[in-house]
């Protein structure tokens, strides 16, 4: 029996306002989860994450398993004890990372054999191992082990990949056993609606605590992503959280909420911050651009983060040009605050019954 509880508070069209409850804390949905690949959101402390409103972060099973390894993390009690984050943590299963290794991996019914990106040693990962690693990490939300269907994929390739993921989903559920953490199933099927339907039906049969849409934002055109979202999101169980994996831009988040999604994660706000791409209420600023060299205005007048209250575009441009670590930190503080504030605005609009209006205004003003 899972310790997770999900309450659907309100709906506007397909958009949903909810709350996920864990012993470690509540998550107001729709929610964005900052990504802490190696147990840390790059350059930020848990205190800073809490200050910007994050209620859950994501950890990477694959990378934490390889380094530092679960034995070291278990000595701290859990990943929470290791990284000082005392709120909920979701861990992905490692399936996407194995998929991204490409030719370095060998896929069989049993699992995946691959060369470690750290020391090139041979490593084997299976649904059973992934479930054990996530149990050792003490994850609040565990993701079942799947193969992320590549793009492009023929219908035959997508079907074979999806069916393998469904067999692995069943094994993940069995291996999860009496672990009280929530276990989410992952819908695959590439860009084929009928395969997505088949995948969802099989996952419902196995019965998970939450459901995720995987295999999107892997290189497909935006219209294909929206088409699959349109077709799939509203068919997911009404009484369980719906998670869109690895997506996306601010517009993507608004559009996915409109279609009934509750949870998101993406490296985009933190990765883009390190490359000088800053999200603001009026669109993206490329702070590396020379036009900001003597721009004494603040970054975003509509943002109350530490960066926006204290530093000019000129200073942030200077930090970027000189490759100062502080520049990456300040940009990351802002970008992740922007994402958390966007989710707060979405939740407020849903609370007040004006999300449709909010969506129209946001899509019109955000460039």
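Heads up, the Cβ atoms here are built off N, Cα and C, so glycines get one too.
These figures come from a predicted structure and were not determined experimentally.
Together with 92, 93, 94, 95, 96, 146, 188, the substrate site in Swiss-Prot holds one more listed residue from 69, 210, 215, which is 215. Feature annotation (Swiss-Prot): of 239-245, 246-252, 253-259, 260-266, the stretch labelled region 'RNA binding' is 246-252. For the Zn(2+) site, Swiss-Prot records 303, 305, 308, and the single candidate of 277, 317, 318, 334 listed with them is 334. Every protein chain shown contributes to the tally, and the Cβ of residue 95 (substrate binding site) ends up with 27 other Cβ atoms within 10 Å. Of all the recorded positions listed here (92, 146, 265), the one with the fewest other CB atoms within 10 A of its own CB is 265. For residue 188 (substrate binding site), the nearest neighbour among the listed recorded positions (92, 308, 334), judged by C-alpha distance, is 92.
Annotated Zn(2+) site 303, 305, 308, 334; additional same-chain residues within 8 Å of its Cβ mean position, judged by their own Cβ, are 299, 300, 304, 306, 307, 309, 333, 337, 338. According to its DSSP assignment, residue 95 (substrate binding site) is helical. In sequence order, 98, 99, 143, 145, 147, 148, 165, 186, 214, 245 are the same-chain residues whose CB sits within 8 A of the CB centroid of 92, 93, 94, 95, 96, 146, 188, 215, the residues recorded for substrate being left out. Using CA atoms as reference points, the recorded positions 265, 303, 308 were checked against residue 96 (substrate binding site), and the closest is 265.
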